[in-house]
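Taken verbatim from TrEMBL:
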{"type": "ACT_SITE", "residues": "H286", "note": "active site"}
{"type": "BINDING", "residues": "D290, G291, N292, G293, R294, A295, C296, R297", "note": "ATP binding site"}
{"type": "DOMAIN", "residues": "217-322", "note": "domain 'Fido'"}
Amino acid sequence: MASPKKQRHKRPSLSNVFAGLDITTTSSSVSTSVPAPRFNLARSIRQMMKSTFQRDGSLRALSLRGIEASFTIAMDDAYDYNILGDIDPDDLHEELARHTTEVCELMQNLTPSHDAAVDDHLADILSKLVFNSNMIENSGAGADVTLKLCQAIFRGEEIPDDIGERDDEYTAIKQDLLRQNLPAGTQFVLRSRREIVQHAKAASYIISELYLRGKDLTEDIILETHRILMDHVDTEQGISWTEYSGVYRVAPVHSARTDLKEATKSGKIDAVAFSAKYCYNFVNIHPFLDGNGRACRLILNAMLLKYGGNLVCLGEQGDDRR
């Protein structure tokens, strides 16, 4: 169903969603004389971890317009001690701090013979991140197809935009849809595949920008992440992706700059609370017509990786999908 043509208005800035949101646009030139090497996301993350993790469990990160700071894990005072029943947030925090320190030591002692295994592990986590996030939204396809597509994208491989009905991948996606009693015609199969591909590409983009390149979270990065995520993915109501991909609506906003200033000054940060706080603010603002939840979880993981060296695969358990 074609959507009515909407009048375009000058969009308001999202610069207040996160403190110090830099709305300046950057441009880069790419040389065409020499082919660019294939970008491997998992390998790049492993290399960044090895260079920024320190033996004492702290890590270095670029924040606040490129200023490098070292952070140790601290616990925020905003945790709800009733929501998890018998599970104590203090115990979870101690467990996280212990595991983070162990990972820091592991990365410092990593030998070249272990690099491939770590890369495979990181690629698997990234693929599960996409699969689980899609599952929350009843998007994408089964785990096998998702893993195959995501692994290829995270290795920097080129994959075809579309597939034919005789393709094994097409058959697998169709069977996944039928098992869920969902429409399984050609347009639905291709849409499900596109939801996986674009989600993986969007994850690669925002992690590269915030974590690998050390950029601050900006309006341009948020919009480009959403544009990639929803590229050629129409809404279930039939609204074309061209009408809403990378376009946000009027919304009240919040800022993160003060928190980062305080963390940089003290040298301590609770990356879980910090990331969750602004993920919560973002998803409740609901700035996009569609894809808010997936975009929110991508922002959360990129910030959590940057300031805490962790990734979280929300949606793996039933309670995560509420």
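Cβ from N, Cα, C; glycine included.
Between the C-alpha atoms of G293 (ATP binding site) and the residue listed as 'active site', the distance comes to 8 Å. Listed in sequence order, A202, I222, T225, H226, L229, F282, F288 are the same-chain residues six or more apart from A295 (ATP binding site) with CB atoms under 8 A from its CB. For the domain 'Fido' (217-322), the model's average pLDDT works out to 74. Each of the binding-site residues G291, G293 was scored by the number of other CB atoms within 10 Å of its CB, and the largest score is that of G291. Annotation for C296 (ATP binding site): same-chain Cβ neighbours under 8 Å, separated by at least 6 residues, are C279, F282, V283.
Taken residue by residue with DSSP, R297 (ATP binding site) is part of a helix. Here the residue listed as 'active site' is positioned 13 angstrom away from R297 (ATP binding site), judged by their C-alpha atoms. Counting Cβ atoms from all protein chains shown, H286 (active site) has 14 others lying within 10 Å of its own Cβ. Using a 10 Å radius centred on the Cβ of R297 (ATP binding site) and all shown protein chains, the other Cβ atoms total 25.
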